[in-house]
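Going by TrEMBL, these are the annotated features:
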COMPBIAS  74-89  compositional bias 'Polar residues'
COMPBIAS  245-255  compositional bias 'Low complexity'
COMPBIAS  256-269  compositional bias 'Acidic residues'
COMPBIAS  270-280  compositional bias 'Low complexity'
COMPBIAS  299-310  compositional bias 'Low complexity'
DOMAIN    462-498  domain 'Zinc finger Sec23/Sec24-type'
DOMAIN    535-774  domain 'Sec23/Sec24 trunk'
DOMAIN    779-863  domain 'Sec23/Sec24 beta-sandwich'
DOMAIN    874-974  domain 'Sec23/Sec24 helical'
DOMAIN    1001-1074  domain 'Gelsolin-like'
REGION    74-96  region 'Disordered'
REGION    238-312  region 'Disordered'
REGION    327-350  region 'Disordered'
């Protein structure tokens, strides 16, 4: 019998029901325990655990065969979570998005949301199990005054010391208590990052949401979102979905009904005087950790919501989760003043200022917000551009993000567009004005990106609004030294005593100078009050295809070598654990328990009833078993060299991985090379190669089975993400396989035609991707919530995650390369404010065992005129949001519908703009300068692999491009859509920049057209993940010799992927420029040298999107087509 492996405190080999160990944690009061997570809806596709069938064989890597008695002992070990019924039917595992279609009078075609469910689905419909037995962590008293550290680290430095921008805590889920003792300085309900739904025990009554009819002019199909279990027309930008339980004004960021009931349950047992009560009830779900929004407008029925003033009076004494410690008597138990609407309509109600002795952000004048553009000279962004006449609209350098029209003080404080970007930097006052502009309103997020500087705040008090749970930020206003007004819901809050001290200046009495109020991006170190269980260790499981196809492709050598090189760089601490599973027609496990002389292979051939042979020795401590792990990695590439197994039992291998990871959570990395052909989740080929160039219907963009989605939901519920590496030489049904990553917050890597020797470019790309993948920072057990100013509403999310509640995303893992998008609408008029704010809070556990909250806050002006809306349009953000919407539309409706909707987006917005402009001739196509690139980018999108028709496109290639659209940050997505083209054979030292003592040339951008290419030149195309270096036949031999290292054009090899280091000015300039481009992104692109006779030339020329092809317009023809459609809409 193998010795049992020691699990970290709070973890075991049995089902993690999170019941509290005696004597250390107290049980959650008044909450019934729900059924086990593992058994909630697993039965119909997860077999139970079985004792060893006779035919199963167990061998060691050294070919030592266990005797029958030993194998029986190993198999009879109690596997993880073996208790409970195993034959329950699948309940609600499928996400609640509904894809039926209704006809809507919409000027925009509403793109369906396929991957991301609509906003407010109930817990049950989301298919998540219920569990309430979470740890009640003891309150930890902190120091009276907070510590702040400002690390300055290189982006490449993955983990530094504690309290650095790269060191992220690896902790279990946080919990939030709703009141705090005045004696103990515990962390407040401040971390309101809603956590996975699936831990609620009380389901609220579901209210019916009413769809809001929209009276726009053109009849296009709308999408249907399931909101509170009712069907609503949704996700249009012209119109909006009413996601609230009632038609009365209710702020957007409010929590879902179920989580609100939980919070009310907790609050009901409390003494009403929150500042002195010593009770600290423990919430039983993740929602309560990051906290809901606007508890005062809580309603489970569709009854009207009382006005704010009535609410203030009726709930004056009710605690909302923040007892301020040791306040002066005059501030204790005081009812916060009711916010007063300003008489000056241009004044922002969130900004009221106390007297002059407290200067700072609060000193901003009443005109600080949306200074109307109409009162000044017409901005450059509104300059009319005649698109059909002006052929040179592409700027010479990258398109910058537009700067919001704020005063200089707010502009300096605002969030970086690299982290947080809105499609409109001038927010329309009303939905009617937004409808009139015909532009989508939404946000593009890159919340966990690598930062070289990040204020990390350690404080026993995290200050948040008591009503909507917004974190204090640079855009709140201090009414006086003791009170601040929330910039999202306008509630007046008390300033806690310890917040009066500024740790940077070591001064007292200047709360507005605290780092939280001086930085729009901050990270908080959270206390144990934000945990539902002890910190999770970093756990990595690798699931590897070792069939004949995989061995022939040769990826194992590259993977094992990368792991050996980076084993010590895996993010984690002394608790880090690692494991390996391989599979072909059987599933092989590896016992790496410390003390063994060599790794031991355990083969399970009964794939229909998969089980774990030795649950306690398959995931081992990385540091304790490092030598055994290295032995295994050295042996793996040669272990299956002579295999004749052609089958792939991917589904059973993933089921085994899920069982192995469930006690702790972590990351599963799956490497697959073919179509799964055995066991659960087997797939059949659906691609017809003759239809790859079809201009009609493109089929099979959606999954063939829901097995992978259900399994992903199970993984997500157990805080496990699955990352998929698909290295295929043939069709592998990525549309089905991708679900395992989409719904578990994983990521997808795809290497078509992969072969270690026949395709060296792909082999090099895998190697570089693995280096980044294995060493980049990672966040575990994460949740993310987006809040916005009262009156705005979020109705659709895009990305890889699971939607837990109306505004809460569950991210079992979060990585710095993942992007997200949300669509928004305006539910209430914003006429009483001149500014709106958006805040995203990402609550996660770092690999070092800390629980952290990263908060980004964005402030934008509100405008009342249509011209101001156009002046603030962010064309790149608009295109990226439309790309996300078009992917959903392609899957839920058809590719043709998605393409039509993209064209209509251009036609409608430019027609709306032209209808407001005077003295325009019908023969002209005019766009404001802010939107002059809109038609070009949409044409590029239509020619991208995801959406193109008439050009041969493999189905897996198309699906992967769609997956990229849904998960890439804006800066990387734009290079996929519209690559950058540079001429590099004549680089000079003029117009260079200096980066780290390196001179970097800055050649101008070229149009993506063959007319810009010359056979005497060399051109570099930056497509994001790949660089094409096209060499003209008559290129100067000196350039070829100095840069490529060959005497002439004819001698340059076909598969060249590296530039040699030659001591010549042209070589140094070229390599410096390419290195600078590479340094700007996380994944290092592969360089491919293209000659005229090179097969890859086709890929290069397909990216020249301004040129005509057999199946698609040229840019000029596309403009004429747009102009023709607009002329039909405009009055003659």
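Glycine residues also receive a Cβ, built from the backbone N, Cα and C atoms like all the rest.
Note: the domain 'Gelsolin-like' (1001-1074) comprises 24 helix, 14 strand, 36 coil (DSSP; helix = H, G, I, strand = E, B).
Counting Cβ pairs closer than 8 Å and at least 6 residues apart in sequence, the domain 'Gelsolin-like' (1001-1074) and the domain 'Zinc finger Sec23/Sec24-type' (462-498) reach fewer than three and form no contact.
Taking every listed stretch (462-498, 535-774, 779-863) in turn, the largest tally of C-beta pairs under 8 A with the domain 'Sec23/Sec24 helical' (874-974) is reached by 535-774. Helix, strand and coil counts under DSSP for the domain 'Sec23/Sec24 beta-sandwich' (779-863) come to 0 helix, 61 strand, 24 coil. Taking H, G and I as helix, E and B as strand and the rest as coil, DSSP gives the domain 'Zinc finger Sec23/Sec24-type' (462-498) the counts 2 helix, 12 strand, 23 coil.
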